[in-house]
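Worksheet: the structure to be examined is printed underneath.
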């Protein structure tokens with residue numbers, strides 16, 4: 001069917017950048033804005049949850065979540081996301097991108113609201129309900145990864161495809177920023193209305209009863225952008241590549257894209273599929289021969305990247321305290337602590353996270369995915385070792401600003417590097433009928449790395465002396481050795497990048513080999529017809 005598809009797919013490949021491209025970026029990007037808001041807003045309120053539900057009378061410090069509860073509250077959404085990436089990635093190839101796209105948003109809306117309405121007669125039951133809804137929230141978020149990337153890649157033209165997909169992912173930065181800004185506004189408003197003394201002055205009075213509303217409002221607001229986007233997602237037509245290459249309906253693909261591109265695209269009548277050699281399946285020997293190393297490359301680099309990326313959060317509390325952004329917890333009331341944490345995370349997002357994403361958007365189609373990913377892993381390795389080797393030097397008060405600068409640069413080159421490219425490339429290099437599934441496998445591998453980074457290193461980075469480790473944690477290998485391990489992880493990411501091909505400037509069919517596959521199928525069909533037309537009996 002290659003000939004029938006060429007008109008509509010060529011039209012997409014050579015189309016000039018139009019308003020519908022930006023519309024698609026906004027529609028898909030608002031999903032990622034919501035994803036980031038929902039995933040990262042919990043870190044703004046975990047300290048508050050500890051004060052409200054785990055207060056201990058007579059304790060010198062405010063209550064904190066026990067290690068197992070903290071791990072559950074912060075990590076259950078990652079587990080849900082991993083599951084959603086695999087399930088919705090597969091479903092997007094079976095049912096179509098559009099049919100599944102609305103499901104993920106509705107799950108996110110319902111579970112964001114459910115998270116804020118978490119109920120129970122005891123602290124454990126409240127947090128168990130919260131964890132239940134956050135798992136399913138993560139499940140919906142997980143579906144957004146493969147579907148948004150695949151839809152944007154299949155809508156884009158060949159020239160600016162990388163920038164468009166990266167722009168969708170870059171909305172994650174605005175989601176983190178938006179979460180911080182909203183938490184600042186809501187905590188400042190409550191702080192002005194309900195004044196309270198510091199914990200060291202009045203341990204009970206420092207957490208006003210109204211503080212329980214703050215975390216609920218913050219997690220529920222994540223439902224708004226998802227709900228507002230739902231209508232527009234349902235109005236988007238199915239992508240032409242899915243309709244033509246998977247559903248085999250070239251007439252419908254041409255009709256849909258004629259409306260989107262606002263040009264007349266010639267369509268031919270649909271023809272029956274040739275009866276040649278059947279197309280290979282996922283994980284078949286032929287798939288592994290053609291794309292096995294590519295899938296290993298995209299999955300392994302995303303896994304290694306997320307170990308390093310999510311483990312960096314371990315050092316935020318030390319950095320924020322060191323430079324005075326967050327004073328000791330006992331010197332603040334509950335509302336002040338939320339305000340300070342939100343302000344600190346907003347500054348980090350504004351100065352390093354958001355700019356890194358948009359540097360990628362600006363340059364990915366000029367210098368290529370491969371170069372950006374190699375560069376990102378290289379500089380992350382350099383800065384990790386720059387933090388680790390002279391770590392004792394950075395612990396001195398006069399040198400802490402230098403530590404913050406290098407830490408911020410590590411974040412910058414993660415986002416102007418593999419954090420963006422690992423999202424972009426899996427949506428470009430696999431055949432249409434496996435594209436969403438393979439992106440789901442790659443992103444789920446990344447989320448597994450996030451779980452290892454966020455929780456494995458939480459234990460690993462504890463002080464070697466158990467008496468100096470955080471309450472409830474065993475002794476670890478220390479921050480310095482953890483940073484060295486993370487540097488080695490980045491080196492491995494650099495090496496595995498060489499398994500990933502460069503899709504810059506090539507069509508999706510050229511990268512996936514679908515044109516070659518169609519030609520091979522045609523040849524097989526031709527040979528079969530010749531064999532079937534024998535006039536001499538075959539002995």
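Just so you know, glycine gets a Cβ as well, placed from its N, Cα and C.
As annotated in TrEMBL, transmembrane segment covers the listed stretch 213-232 rather than the other ranges in 73-92, 193-212, 213-232. The stretch that TrEMBL tags with transmembrane segment, taken from the ranges 49-67, 125-143, is 125-143. Listed ranges 310-329, 370-389; the one TrEMBL annotates as transmembrane segment is 370-389. Cβ atoms under 8 Å from those of the transmembrane segment (401-420) belong to residues 166, 169-170, 173, 301-302, 305, 308-309, 312, 315, 319, 322-323, 348, 351-353, 355-357, 359-361, 363-364, 372-373, 375-377, 379-380, 383-384, 386-387, 394, 493, 497 of the same chain, restricted to positions at least 6 beyond its ends. Through the fold, the transmembrane segment (347-364) approaches residues 162-163, 166-167, 169-170, 172-174, 176-177, 180, 316, 325, 372, 408-409, 411-417, 419-421, 424, 504 of its own chain, all at least 6 residues removed from its boundaries and within a Cβ separation under 8 Å. Proximity of the transmembrane segment (370-389) to the transmembrane segment (213-232) is not established, fewer than 3 Cβ-Cβ distances being under 8 Å for residue pairs spaced 6 or more apart.
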